[in-house]
Amino acid sequence: MSTTTQENRPLLIGPEPTNDPESARSHDSQRSDHPKGDETSEDGNRGLTASFHHIDDSHQQTTNCETLIHLIKGNIGTGILAMPDGLKNSGLYTGTVLLPIIAVICIHCMHMLVNCAHELKERLGVAGMDYAEVGYHAFSTGPAPLRPFANTARRVLNAFLTLTQLGFCCVYVVFIAANVKQVVDCQFPGNDIDIHGYMAILILPLLGISMIRSLKVLAPFSLLSNVFLGLGLAITFHYLLMDIPSSYDRAEFKSWKQLPLFLGTSIYAFEGIGVVLPLERKMINPHDFRGLNGVLNTGMILVTCGYIAVGFFGYLKYGDAVHGSITLNLPPSDNLAQLVKVLMALAIYLTYSLMLYVPAEIMWPHLAPRFHSAKAKCLGEYAFRAFLVLVTFILAAAIPNIGLFISLVGAVSSSTLAIIFPPIIELVTFWPRLSKWTIAKCVGVFSFGFICFVFGSYASIEAIIDYFKHSDEPQPRFVC
């Protein structure tokens, strides 16, 4: 972790952000097109929207405890339910050992991003930066040969943020359809609707909730989603801890071929790197966010423990029969288990619009100038949101397998945002005052992320191809 003082801070003064026409145009467009509920407050703080989850009202500051809760809920979603499927691809003990290592790397990358944001704030006097803005300002004030790439850095970061969020939405569509299908199939054993049919049924409900543009309106949905998710996880653990088989019945290590699928699933689960900057910005005592026993480390350790517990006991309980979401393994004939699937499906449904909010806010300002009247802008934004929803449905229908989709999204986009970009930004921000150890560390973290990206993407695509090769084979039906 790089630390600098006023004396050794790099004297690399780049262009002021206001001198960049594209930057000014982008910011002006975003200010004019944001809903009123998301306006910047007088103290310069914005609503917590860059985290991919709505965290808090834009005019309130949070205590350490509140920030800890927001950090945990910003990192827990469908990823935790997929951890048993991840361990299926690594082996029981291999996955259990590797998960904390991956967690340490991802958490350290979060610290990298926060440290860079602090350095750039002191250097430029710019507060309230999001992930893409940190990348932009790092390059615009970094080494002279890299300054022309500042806009490119911002575009690439926004592109991967958009790709990641749309990937999450696709996973959500598959997740909701799979859980609803299992519940309905048990209640009405004679129906022949496949998972694509349930996706088609979901289009209108998800279109409806995606038309909500104000985060203040979405906030109650987020709260209700968290309640459903918490109840669902608690009941799921009740089933995982019943009649546990011996660990000798589970493979300690699977194969090198399957290991990249585990890496993709694990990195997907640590989805909250975008949450750290807005969360710290909203704290009453921001200095408590970092540090060995700070809010960031405390929250992420708790999240990691949850991932390990669900992954370990889920794979121990169901072995290679585990599904892409552990909820699909719960006994279909048990009413309480069916309730879990309904709660989880509702929780993810209520979160879908929040996940779609980020790509809509990134892309819409570039399209808004094409519409001249206020009514045309409003209708255009609704049409654009509907288009994004349909895109996620098409992609979800193309790969209706939760586990494979999660692994692919994790390998392609999550690894890039969570592991590959932070060391690059740190090198550019603090150059040339970096120690050899810091340079070696950044190169090592980048190399690990790049390996996860390449081999994880290859393994996921190969597994998807293999899945389609056997898609015509009869699938086992759940016994209700």
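In case you wondered, yes, glycine gets a Cβ from its N, Cα and C as well.
What TrEMBL says about this protein:
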REGION    1-50  region 'Disordered'
COMPBIAS  22-45  compositional bias 'Basic and acidic residues'
DOMAIN    61-461  domain 'Amino acid transporter transmembrane'
TRANSMEM  92-114  transmembrane segment
TRANSMEM  156-175  transmembrane segment
TRANSMEM  195-212  transmembrane segment
TRANSMEM  219-241  transmembrane segment
TRANSMEM  261-279  transmembrane segment
TRANSMEM  291-316  transmembrane segment
TRANSMEM  336-358  transmembrane segment
TRANSMEM  379-399  transmembrane segment
TRANSMEM  405-430  transmembrane segment
TRANSMEM  442-461  transmembrane segment
Most CB pairs under 8 Å with the transmembrane segment (156-175): which of 195-212, 405-430, 442-461? 405-430
Leading stretch by Cβ pairs under 8 Å, where the reference is the transmembrane segment (442-461) and the options are 92-114, 195-212, 336-358: 92-114
For the transmembrane segment (195-212), I need the partner stretch with the highest count of C-beta pairs below 8 angstroms, choosing only from 219-241, 261-279, 379-399. 379-399
Return yes if the transmembrane segment (405-430) and the transmembrane segment (92-114) have at least 3 CB pairs under 8 Å (sequence gap of 6 or more), otherwise no. yes
Pairs of Cβ atoms less than 8 Å apart decide it: which stretch in 261-279, 291-316, 379-399 has the most with the transmembrane segment (92-114)? 291-316
Using a Cβ distance cut-off of under 8 Å, indicate which of 261-279, 291-316, 379-399 has the most pairs with the transmembrane segment (336-358). 379-399
Between 219-241, 261-279, 379-399, who has the most Cβ pairs under 8 Å to the transmembrane segment (291-316)? 219-241
